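Feature annotations, courtesy of Swiss-Prot:
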- Gly169, Asp170, Arg171, Gln172, Cys173, Gly174, Lys175, Thr176: ATP binding site (BINDING)
- Ser373: site 'Required for activity' (SITE)
Amino acid sequence: MQLNPSEISELIKSRIQGLEASADVRNQGTVISVTDGIVRIHGLSEVMQGEMLEFPGNTFGLALNLERDSVGAVILGEYEHISEGDVVKTTGRILEVPVGPELLGRVVDALGNPIDGKGPINAKKTDAIEKIAPGVIWRKSVSEPVQTGLKSIDAMVPVGRGQRELIIGDRQCGKTAVAVDTIINQKGKNLFCIYVAIGQKASSIMNVVRKLEETGALEYTIVVAASASESAAMQYLAPYAGCTMGEYFRDRGQDALIVYDDLTKQAWAYRQISLLLRRPPGREAYPGDVFYLHSRLLERAARVSEDYVEKFTNGEVKGKSGSLTALPVIETQAGDVTAFVPTNVISITDGQIFLETDLFNAGIRPAINAGVSVSRVGGAAQTKVVKKLSGGIRTDLAQYRELAAFAQFASDLDEATRKQLERGRRVTELLKQPQYQPLQVWELAVALFAANNGYLDDLEVAQVLPFEKGLRDYLKSKHADLIKRIEDTKELSKDDEALLHTALKDFKKSGAY
């Protein structure tokens, strides 16, 4: 059978007219390869960096590498059922997590799904996990304190609302303990907390959650957990998800505190993803943008102005500034703070609390090295009474450590040096504190007052802590009005100083310690 050209054209025209063409907005591609949770996709020409991709079986992924002829994506969740040739669709959405007060008291994964067995979370709002930090114009200087309840931190390296204070040290030297004590101490202080656990053992995370529950701190805390058994993608995303949950409170004129425990594990997870995506490795095999990984996260912790809050809430909240305070944790190897990730995070943050294994093993806990630890902005936020009383304590302790090292070789020391060493020993003892027992402002003030005015000088070192505890009990029973004044005003007037001198003398005479 032969068709002439006119018949062929008629046939084509009729076929074209009868064609039902519906344009699908979504772009589609095909899986080329799947390895270690990384998928290479061909044909996604319209995809955005960081866009959510839909795989078969209701599985989602994140587009991270946009190359000329393919897209590199990381799978969020299980990937065993994904195979070569599967169809992948773009969603046109960036990854979002649920936010809001409904999350308080709950344990969630990096995507905001509940993992505590307490049922679904009915959050009314979701927000993108990647956001640009507030600009310079919208920020305010740090002026209100975050009371950690730890004598050595509140006196020597104070933390303010909106500050980023790094907790750095080797493994097993009390970094998590400092962070958890800070969360426990926020009870009744109108500060919401987010604890982000990255790459930790599930049992360790459970211990923290149990302790927060026992102390009643879980009711104002959100726990975001990406344990060691979860994929590198989840460990990489968890800090950003937690930060978005904290920003919800910051942007509505409230105060929030976020602990990232720890960012070393996040850097390891990101390094793993980057190497699998075939990005060129740099120093210590980290990718070139590992600094940006942490800087864009920590810059989102800020104190924002009243104008920012009013603009963000469309005038619903007026005259209130909000803050997000960050306590990132970094684990060092053998005390080496000059490694790549520690130096990066030290340069991004507003100070660091340096914990030492030697001090920890010597029974000085929290094991804070006074000479290296610093708070670059927290001094402005310190309460007046603590600022007044803690003036020289950091210098004294740093000098004491230097002298103590020198005194091991010197046999005959002059009187002034001997006095400084004795005072240093007692102050070091005074700053020791058991875990899960944070102190109130008046308790810290009284302890510092006793040390500054020489009331500890004639005590044996072993008597210092019993003396401090006995003094607190004595003041509670005999001078409750003085305690209330210090707590309410956060100041120590001349009259109160005289009263405190009298109380201390009376207590020492009684010998009830």
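Using the three backbone atoms N, Cα and C, a Cβ is placed for every residue, glycine included.
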Which same-chain residues, if any, lie at least 6 apart from Gly174 (ATP binding site) yet have Cβ under 8 Å of it: Leu355, Phe360, Arg365, Pro366, Ala367, Gln435
Other CB atoms within 10 A, centred on Gly169 (ATP binding site): 27
Environment of Gly169, Asp170, Arg171, Gln172, Cys173, Gly174, Lys175, Thr176, the listed ATP site - residues of the same chain whose CB lies within 8 A of the CB centroid: Glu331, Leu355, Thr357, Phe360
Distance [Cα-Cα, Å, rounded] between Lys175 (ATP binding site) and Ser373 (site 'Required for activity'): 13
In the chain carrying Gln172 (ATP binding site), residues 6 or more apart in sequence that have Cβ under 8 angstroms from it: Thr357, Phe360
Pairwise Cα distance for Gly169 (ATP binding site)/Ser373 (site 'Required for activity') [Å, integer]: 11
In the chain carrying Cys173 (ATP binding site), residues 6 or more apart in sequence that have Cβ under 8 angstroms from it: Leu355, Glu356, Thr357, Phe360, Ala367
Among Asp170, Arg171, Thr176, which are recorded as binding-site residues, the nearest neighbour of Ser373 (site 'Required for activity') by Cα: Asp170
Nonlocal neighbours by CB distance (under 8 Å) for Arg171 (ATP binding site), same chain, sequence gap 6 or more: Glu331
